[in-house]
Amino acid sequence: MNRLRNAKIYVERAVKQKKIFTIQGCYPVIRCLLRRRGWVEKKMVHRSGPTLLPPQKDLDSSAMGDSDTTEDEDEDEDEEFQPSQLFDFDDLLKFDDLDGTHALMVGLCLNLRNLPWFDEVDANSFFPRCYCLGAEDDKKAFIEDFWLTAARNVLKLVVKSEWKSYPIQAVEEEASGDKQPKKQEKNPVLVSPEFVDEALCACEEYLSNLAHMDIDKDLEAPLYLTPEGWSLFLQRYYQVVHEGAELRHLDTQVQRCEDILQQLQAVVPQIDMEGDRNIWIVKPGAKSRGRGIMCMDHLEEMLKLVNGNPVVMKDGKWVVQKYIERPLLIFGTKFDLRQWFLVTDWNPLTVWFYRDSYIRFSTQPFSLKNLDNSVHLCNNSIQKHLENSCHRHPLLPPDNMWSSQRFQAHLQEMGAPNAWSTIIVPGMKDAVIHALQTSQDTVQCRKASFELYGADFVFGEDFQPWLIEINASPTMAPSTAVTARLCAGVQADTLRVVIDRMLDRNCDTGAFELIYKQPAVEVPQYVGIRLLVEGFTIKKPMAMCHRRMGVRPAVPLLTQRGSGEARHHFPSLHTKAQLPSPHVLRHQGQVLRRQHSKLVGTKALSTTGKALRTLPTAKVFISLPPNLDFKVAPSILKPRKAPALLCLRGPQLEVPCCLCPLKSEQFLAPVGRSRPKANSRPDCDKPRAEACPMKRLSPLKPLPLVGTFQRRRGLGDMKLGKPLLRFPTALVLDPTPNKKKQVKYLGLDSIAVGGSRVDGARPCTPGSTARA
């Protein structure tokens with residue numbers, strides 16, 4: 001009873017501390033380490049019957065990882081369902097499956113194309129060219145790439161036959177481990193020098209296209225030849241590469257080939273590793289452990305996988321990737337490297353890189369003539385079923401695995417002691433970061449979760465790392481002595497990062513190194529994809545009605561000293577407050593000055609297009625006697641290219657200023673009065689309210705408005721006209737007279753009255769005078 005009571009207390013304490021975990025799969029190291037930290041496991045209930053079905057063999061387990069489980073359990077996956085190698089810390093910490101974003105070759109292929117939006121790096125410098133055969137555009141791009149690669153290979157073969165400057169692994173290719181029987185030699189087929197000329201012209205045209213020399217060209221067939229011409233070109237290429245045909249060339253062609261290859265070296269980052277046999281590796285886009293992978297070197301065979309199969313075309317399952325024909329070999333055997341990294345957060349993106357790794361060897365000597373998977377695939381799930389070739393070097397390990405420390409020692413023996421620290425590790429870190437940057441927006445992440453990934457790299461002869469694929473939930477199986485030690489270490493260090501570091505930011509993180517953490521970005525709340533444009537149509541201006549208007553509040557006056565600081569000099573644009581209304585017993589000119597002084601001081605009024613270009617309309621207001629009636633010409637409100645300046649005057653007119661787009665013969669006149677002649681000079685002494693056209697404005701010499709100032713009397717405000725647009729200039733008159741009967745006026749390069757923009761000419765000088 002005491003034991004049961006203590007167990008109950010222990011569980012209740014773990015529940016309060018949120019230390020409950022569940023494990024799916026075989027993770028004895030994780031279970032042991034969590035129990036040491038006081039966590040309590042919630043056992044999974046395995047129900048019998050049809051409710052729990054094992055996964056189909058054809059379905060992707062790569063979306064859940066390349067889960068090899070244990071080497072002994074790998075063959076018994078049907079009996080023990082392990083769907084996702086996922087362990088759950090009661091919604092606190094989770095291995096997040098992330099929909100297999102990185103495990104899918106399709107996702108990695110497509111995401112890395114967006115790398116230029118994140119960094120100034122070419123994905124082709126660390127990720128072999130990759131295409132989705134199910135997409136029509138990608139299939140066409142792959143066909144053109146295959147053609148161009150064949151043309152480049154012809155140039156390499158010419159140079160190699162002449163100068164032997166492109167060494168290949170002749171010893172490995174002649175190894176007796178090749179499974180393909182040697183064909184009986186016949187009379188060699190001769191290929192004419194015109195074949196080399198076609199390859200040269202295709203490469204030259206490709207270089208000219210990169211230099212944008214094809215902008216004005218209209219060619220139906222891309223890349224120099226027609227599709228039929230390329231088909232014939234490939235047949236002769238196959239004869240040279242695979243059937244031993246003799247490639248004849250002229251001495252002058254050798255130098256051209258060398259020159260063009262040197263130019264291609266600068267624009268094709270993969271020209272060194274791609275070799276000269278045009279081998280591509282075809283992969284199912286959603287499978288792991290090397291299932292369904294094939295190495296092919298004939299275009300027709302690869303296209304047969306998708307041509308005429310609508311299901312494959314729709315699903316886009318097949319991915320074709322350029323095979324690294326010149327990899328770094330260890331004792332004549334191909335190998336790859338498994339590198340772990342940990343993502344603890346996606347916003348901000350936080351990446352931890354594991355310092356230890358291991359390499360996996362193939363069981364067969366390397367050969368480009370033998371395209372069998374046993375030679376070119378280093379997956380342990382494939383190689384464990386094969387026997388080591390008797391032709392392998394005796395220094396290779398029997399279990400086909402090395403630790404990264406043993407690999408570094410081998411590099412020192414090769415005479416490259418700094419290759420690991422200066423080329424390999426920095427290259428792998430950059431490749432991992434770039435792959436995660438491009439996938440960050442497509443991952444359905446959640447807080448308090450993490451994911452451990454396994455990236456596979458192959459190295460070129462120059463030690464350059466090439467990212468092959470990234471697997472979610474990599475295997476933790478202790479298949480060899482190397483993996484037994486390293487896998488236990490990476491699991492223990494993972495818990496140090498995701499659990500211990502939550503309590504102590506300075507705790508030991510083991511072999512994990514923080515290599516990237518971006519600033520946090522606030523994610524806007526998703527409000528749906530509904531787009532809405534609101535507004536109303538612009539109405540056609542109407543003729544001014546004969547009506548009487550009362551005192552109106554003042555229109556917001558937008559002013560600015562020159563240009564800039566629109567928020568400080570345009571309060572009416574950024575706030576709802578209105579400027580004080582001009583009092584009817586005060587001079588309108590004085591009110592304008594006071595409003596102007598409150599905004600920008602006593603300098604010239606001016607506005608800028610930056611603050612006014614969003615304003616909808618312009619309205620000009622004048623003060624007229626309340627009983628005054630107008631007759632309006634029908635075309636008075638139509639914009640004119642050369643507007644005339646209008647002078648309004650009368651016995652009770654306090655602000656004699658306005659600007660209307662009138663012709664020289666158009667004017668306003670009171671009802672019942674005869675219209676004065678267009679060319680007659682207005683008589684300013686007559687106590688009549690009338691409007692007369694003045695001299696046309698010149699953009700270089702703006703003309704002030706001239707009027708008379710009368711005694712103070714009660715006034716009303718009347719609206720003159722509808723929206724007035726496209727004025728070259730506008731002047732505001734200060735009608736306060738001085739002793740010499742002169743008035744001051746303020747010049748504007750543009751004016752906005754009532755909320756709009758009126759483009760203007762040169763501003764007038766403040767303080768200039770004109771006779772009344």
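Heads up, the Cβ atoms here are built off N, Cα and C, so glycines get one too.
Copied over from Swiss-Prot, here are the features:
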REGION    50-81  region 'Disordered'
COMPBIAS  68-81  compositional bias 'Acidic residues'
DOMAIN    151-510  domain 'TTL'
BINDING   Lys283, Arg289, Gly290, Gln321, Lys322, Tyr323, Ile324, Lys334, Phe335, Asp336, Cys378, Asn379, Glu469  ATP binding site
BINDING   Arg289  protein binding site
BINDING   Ser381  L-glutamate binding site
BINDING   Asp456, Glu469  Mg(2+) 1 binding site
BINDING   Glu469, Asn471  Mg(2+) 2 binding site
Which of Asp456, Glu469 (the binding-site residues) has the most other Cβ atoms within 10 Å?
-> Glu469
Which of these binding-site residues has the least crowded Cβ, counting other Cβ atoms within 10 Å: Ser381, Asn471?
-> Ser381
On the domain 'TTL' (151-510), the mean of the pLDDT values is 86
Nearest of the binding-site residues (Ser381, Asp456, Asn471) to Lys322 (ATP binding site), judged by Cα-Cα distance | Asp456
Top Cα neighbour of Ile324 (ATP binding site) in the set of binding-site residues Ser381, Asp456, Asn471 = Asp456
Measuring Cα to Cα, tell me the gap between Asn471 (Mg(2+) 2 binding site) and Cys378 (ATP binding site) in whole angstrom.
-> 15
Surrounding CB atoms that lie within 10 Å of the CB of Ile324 (ATP binding site), all protein chains | 25
In whole Å, note down how far the CA of Ser381 (L-glutamate binding site) lies from the CA of Lys283 (ATP binding site).
-> 16
Ser381 (L-glutamate binding site) - helix vs strand vs coil (DSSP) = helix
Taking the Cβ of Lys283 (ATP binding site) as the centre, count every other Cβ atom within 10 Å, in any protein chain shown.
-> 23
